[in-house]
Amino acid sequence: MESGVKGLLENWSPVFRIIILAMICILSVLIRVFSVIRFESIIHEFDPWFNFRTTKYLTERGVYAFWDWFDAESWFPLGRAVGGTIYPGIMLTAGLIHSSLHTLGFPIDIRNVCVFLAPGFAALTSLAGYFLTKEVTGRSEAGLYAALFVGIVPSYISRSVAGSYDNEGVAIFALVFTFYLYIKSVNTGSLLWSAAASLSFFYMVAAWGGYAFIINIIPIFVVGSVLIGKFTTNLYVSYCSFYILGSLLAMQIPFVGTQVVTSSEHLASHAVFVFLQIYVLGDWIKERAGEAKFKFLIRFLVTGAVSVVVIASLYMTLSGKMKWSGRSMSLLDPTYAKKFIPIIASVSEHQPTTWSSFFFDLHFLTVFAPVGLYFCLMEHNPGKLFIAGYGVLAVYFACVMVRLLLVLAPAVCILSAIGLSETLHRFTRHIKNYKEWASYISSKPSDKKTKPEYGYPLELALVVIGLIGFMSVYYINHCVWVAAEAYSSPTVIMASKGYDGERRIIDDYREAYYWLRMNTAQDARIMSWWDYGYQITGFSNRTVMVDNNTWNNTHIATMGMIFGSNEEVAAKNLRKIDANYVLVIFGGLSYYSGDDINKFLWMIRIAAGVFPQIKEEDYLNRGQYRIDSGMTETMKNSLMYRLCYYRFGEVQGYNRGSGYDVVRNAEIGEKNIKLRQFSEVFTSEHWIVRIYKVLPEENRDTIKPKSTYASRNKEMKEVGLTKVNLS
Amino acid sequence: MEVLRDTAKALFSNYQKSTSNRTKLIDLFIIFNLTLAAIQYFYMKIAGNFPYNAFLAGFFCTLGTATLTSCLRMTIETKKANTSEEKAFIEYMALCLLLYLVVLNYLG
């Protein structure tokens, strides 16, 4: 009877697998749509607005127009060649899905395609994780665990909720899928699998700048395998074909182009390719020439080759031919950006990761992953070594920048799946063989029974399995909670709970952007800090000065200088760059702490890098950043202060004085602000967005009268014309 | 120095004797491609690299064909891999086709 049940279960196990995988895919889609349910189907945050705008352009005008698009609406006097400076993967994917849905007869709006693209790709990523783990371990239970973990890990959810239409949403799928195809090609040695891997790598290069991770980790894996003596023909075949096709395909993306041969990010792949050829040649010579002659040859060649390589790379670096980009430098030396490139240091996603971020984003996987690492290194094959190397390298990068925790997430999921699967495998065997083990323990030495392979006290085994089950359930609970509470806010809409628990929506951003769209001229130019550039062009369809692309540091520094100067100098500069409106974000009335006053010091630091008249110490009172009566004169006269707190001195709070800033917890220093060069045109309902118009120059300078009554009297006295004493 | 010359001679005679004609043909093709790549590189040094993408496309085309052929040689000749010869050859052709498609796109 028992074997009948067991046989039945074994026959049906593929069906169970498919059902479980389908449920995991559905779960990973559903866990990401909290924001659509709670708010609406809207594009979130900042960067996705630019991607959405370009996708709309693509669907409206076709691929050729999109490829050659020069955007005159951003970076006002300069413009931006969009076709050549983006990673077009996600836009082309969304455009393809949109047009195929339309041909099939489903007229779905492009906005909905974009909003729901990331959850769809998350489901595909869980599938890719399943296949990768199954290929690495040969076990489908480990694959199922990996699919579940990858589908709901909070770190991945944070960048792929419904509405977060950003590069990482498709790029993580491309990453995991490329790794799966590459491991498959290493295991089988077939050229077709490595061709598939290079095509998937091409998609990754099209999708995200993080492709540099793949093109570095695969050479490191190859070199590591060779150095520990695990060189096989399959390794050589798979890497060489992947390298050639991958590099050539990467050159097809205009944004990458010839960087493949000139930048330092691809250097490892070139070096390892050459190294592999030399290794194979050396192997061949060793076979034919015999040991002693070979040793002599080796010493001769290696010293020559190493010296050539060292001299060449020194020459290239010192003469500036090979550039290390700012981002690569800050990854290798985490303090580099803080010292030299304030604009990279000011982004909150680029800060070093804290331990609490690790636990919040990965939860119990941080505990299971080292177990998986242990099992990967114990009985290894190429796939397991690769995953172990991926995990270790990704941990380093995740520690450098919070944003790169996302690259670590799939590695940790796969490692923990391997660890969990091995542990459960052992403990279930313990439970199954319990009777055998119990009889062995209670037998006398004279019975000469052999020690069974699996055996453990039954209670302990049950406790272990129970603990693992509890932790897995708790993990799922945590992920769902995190997705609902922490990562589902669209940033353009905010919600808060009133005193009686009712939900209040704060929709100031959209109110202001729509006002801009309806009440300004078509060619009006809006000046703001770079954070809001993409949103302004996306929502209001107006020209902006600087946006989130941050490719021109001097232009951004000019904006910072304008915000930090006094009203006259700022207005003069604004007229010089031809801006019509100024937009500031102010959170002092609504507890919104991400406003421009809090970012102001970063603006000053960035401006100070280019304009020597801006000094950070001028805005700080004895090292403290204050906006109350203790603020410095420069701070009081700065444009940012005046625009943010204009008329705020009249606002009465509960039990507080007038003009109380709730974010900085202080009454503002100057309450009676008068603006001569600007006029306030719009303030949103909770004062979050404030828009000012730049007034044109006055028609004439004010004329001071040349002589007063007393001075004229003095003049006449000197000449001798009057004898009257008028004192 | 003489040791080097002796080793090279010994290697060469060993190569002549022990490799089959088919393998020698494949090796000749690899060396032909590498020579083409070297010629392209030196031409670029002399005549300038104005359409840089054209140079890169041509260079990687020859380099890529050489690499793919050496992968084929490894798979077929060394008997360490476990694919059949026909399958390896078909894959080689398919990949060469893909390589030439990409090069065609990049030549501009």
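In case you wondered, yes, glycine gets a Cβ from its N, Cα and C as well.
Regional average pLDDT for the domain 'Oligosaccharyl transferase STT3 N-terminal' (A:16-415) in the model is 88. Sequence annotations record features per position, and here TrEMBL assigns domain 'Oligosaccharyl transferase STT3 N-terminal' to A:16-415.
Among the features that TrEMBL reports, domain 'STT3/PglB/AglB core' is placed at A:526-582.
Under the heading transmembrane segment, TrEMBL lists A:15-34 (among others). Beyond the ends of the transmembrane segment (A:15-34), by six or more residues, the same chain brings 116, 118-120, 122-123, 125-127, 130, 140, 144, 147-148, 150-152, 157, 160-162, 479-480, 483-484, 488 to within a C-beta distance below 8 angstroms of the stretch.
Annotation comment: TrEMBL describes A:113-132 (among others) as transmembrane segment.
As annotated by TrEMBL, transmembrane segment applies to A:144-162 (among others).
Residues annotated as transmembrane segment in TrEMBL: A:169-195 (among others).
The annotation transmembrane segment is assigned in TrEMBL to A:201-228 (among others). Long-range contacts of the transmembrane segment (A:201-228) within the same chain, counting only residues at least 6 positions beyond its ends with a Cβ under 8 Å from a Cβ of the stretch, are 87-90, 92-93, 167-168, 170-171, 174-175, 178-179, 182, 235, 239, 242-243, 246, 249-250, 252-253, 256, 265-266, 268-269, 271-273, 275-276, 279, 327-328, 382, 385-386, 389-390, 393-394, 397, 407.
The transmembrane segment annotation in TrEMBL covers A:235-255 (among others). A Cβ distance under 8 Å defines the sequence-distant neighbours of the transmembrane segment (A:235-255), meaning residues of its chain 6+ beyond its ends; these are 83-88, 182, 185-186, 189, 191, 193-195, 197-199, 201-202, 205-206, 211, 215, 218-219, 222, 225-226, 266, 269, 272-273, 276, 280, 382.
Annotation comment: TrEMBL describes A:267-285 (among others) as transmembrane segment.
Marked as transmembrane segment by TrEMBL: A:297-318 (among others).
The transmembrane segment annotation in TrEMBL covers A:358-377 (among others).
Taken from TrEMBL, the feature transmembrane segment covers A:389-418 (among others). Within its own chain, the transmembrane segment (A:389-418) has Cβ neighbours under 8 Å at 125, 129, 132-133, 136-137, 142-143, 145-146, 149-150, 153, 155-156, 158-159, 168, 172, 175-176, 179, 210, 213, 217, 220-221, 224, 330-331, 334, 348-353, 357-358, 361-362, 364-373, 375-376, counting only residues six or more beyond its boundaries.
TrEMBL lists A:454-476 (among others) with the feature transmembrane segment.
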Counting Cβ pairs under 8 Å to the transmembrane segment (A:358-377), which of A:113-132, A:144-162, A:267-285 comes out on top? A:144-162
Long-range Cβ contacts under 8 Å made by the transmembrane segment (A:267-285), restricted to residues 6 or more beyond its ends, are 215-216, 218-220, 222-223, 226, 231, 236, 239-240, 243, 246-247, 261, 294, 297-298, 301, 305, 309, 322
If one takes Cβ-Cβ under 8 Å and requires six or more residues beyond its ends, the residues near the transmembrane segment (A:113-132) are 21, 24-26, 28-29, 32-33, 36, 41-43, 48, 51-52, 55, 90, 93-94, 97-98, 101, 140, 143-144, 146-151, 156-157, 159-166, 169-170, 172-173, 176-177, 179-180, 183, 410, 413-414
Tally of helix, strand and coil residues over the domain 'STT3/PglB/AglB core' (A:526-582) according to DSSP? 34 helix, 6 strand, 17 coil
